[in-house]
């Protein structure tokens, strides 16, 4: 292990692929699309997308707890733009369908009845043909600027949603509910308790990221307090909060913002976008190949299909901010999926998931039915289920309609399905947390480590099995009551008791490995303006008259520093004795896009990092770091700061 002689020498250690690419995890993520200016209507939506300035993000979150909703995100699409955005192929198809439906006299005798199977086959073929043709179609442009593709209206027949058989109409007597429904009074929206209001006065660069995450969760669940939520609902039962405020979540996403994303970014079917439907008791994914351009996506939507955006936080900076702040509180990856369902439709069959789900209703309405896990083994499930038939479900524990502004939480293993109403579409976000965060996951990491160490230490575990083992043990020999069988069983149990009890150090090591996994999965932090000037992101370099590089920052032993976030790094001692700092500062916006980022330090330098971890959220002077010399203290602090892990109390400028 090489000892760094200068701060610049303390470079990240990684695989050879990472070292070859100087821009790995940095330049690619920080590059922003060059968006053309359009009408005021488009600009108002662009402000909500990933190109939004950090100042607007900061302003948005500073208002979260004073105002129950953000500003209006878009204006109504003008009729002229709507007409211009429709393709000629779609006009011809819609006109042909209208003619076929209305011409009852001239063609009635010529038409023959088709079987349901034939109709379904033709419908599928028609969808595929249209989507394959439109996936290469560029958005219509006016004066060189692409227009937003409006929602194509299609008259859906009234009646049951497009799934068969459907759950019966809501019957309060049929609901086996122990779920508490919280209704927020309009006069109370946006109010928070006193300790939260006091926290708001803390300067951004002095705030505790874990507490900030709790406040965002409180905003989502209001008026349910977080302490009450974790006591009464978390991993136990569903919690439904109904509000009379459709604007509560509107600043996070809208239908028009989704359309802008499809136009301005390259999204592919299957990778970024799923098209799903649930008809005749069968769940189908209808993803074509290629890019998900608006005409293809809205064509599927008009045919009653649900649209799922798999990584909306990549493109929506406000949603990404919610996820990055919440991951500090939950100490795990916080995912987000976006679901857009047309009126009178259902996109997914009944199933359960392996995540704690927060359903945030942004637009429209959707009826949700939740059921108890079919088996006890499914409670707090670790793997998502397959699809259930309606006949396999018992009485719902909740049967309620979510309106815009409402939020529904339910734990892992809760079977659920959702259907839109006849005249209402639905746009909701599902935040997912605590996937693979159970004690079982810890033990799966811990026990192989314990066994390996025990085998190395104990010759008893390395001794060979008795020759007669296969003749006395096994399912076929359960009825054998011989003494040798009992002796072998006792020997195995004693070995487990004597050698496989994990020590405190073993548990620490296993938790470090799980935390290292979180560093690989986490979204990179969003550095706010007041933080940027205190971090490497605000540093600038220039050249003097001789061409030497001159940096605009310099540390001394009186400089005060702290970690950028509470969970920005993980100090891990690997099995070979090396000490590494794993972090997620340079992670990509796509899930595990790069190999894990880490920097290797000397074992004696670990104490300085441990002190920074324990001191958070407070600042320490560099002179307080427990290292032998001032030069070494400054060197270590500078290296951590240059990697984006530290923040100074005062800007250098």
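Each residue, glycine too, has its Cβ placed from N, Cα and C.
When 115, 131, 484, 541 are compared in Swiss-Prot, the phosphoserine annotation sits on 131.
Between 44, 155, 426, Swiss-Prot assigns phosphoserine to 44; no such entry appears for the others, which is not proof they lack it. Record check, Swiss-Prot: Fe cation site residues include 351, 353, and the candidate from 416, 425 also listed there is 416. Long-range Cβ proximity for residue 353 (Fe cation binding site), meaning a same-chain Cβ under 8 A and a gap of 6 or more residues, is found for 381, 384, 385, 412, 432.
Residue 353 (Fe cation binding site) carries neither a helix nor a strand DSSP state and counts as coil. Secondary structure at residue 416 (Fe cation binding site), as computed by DSSP, is strand.
The Fe cation site, placed at the center of the C-beta atoms of 351, 353, 416, has further neighbours from the same chain whose C-beta lies within 8 angstroms: 348, 350, 352, 357, 384, 385, 414, 415, 417. When Cβ atoms from all protein chains are considered, those within 10 Å of residue 416 (Fe cation binding site) total 20, not counting its own.
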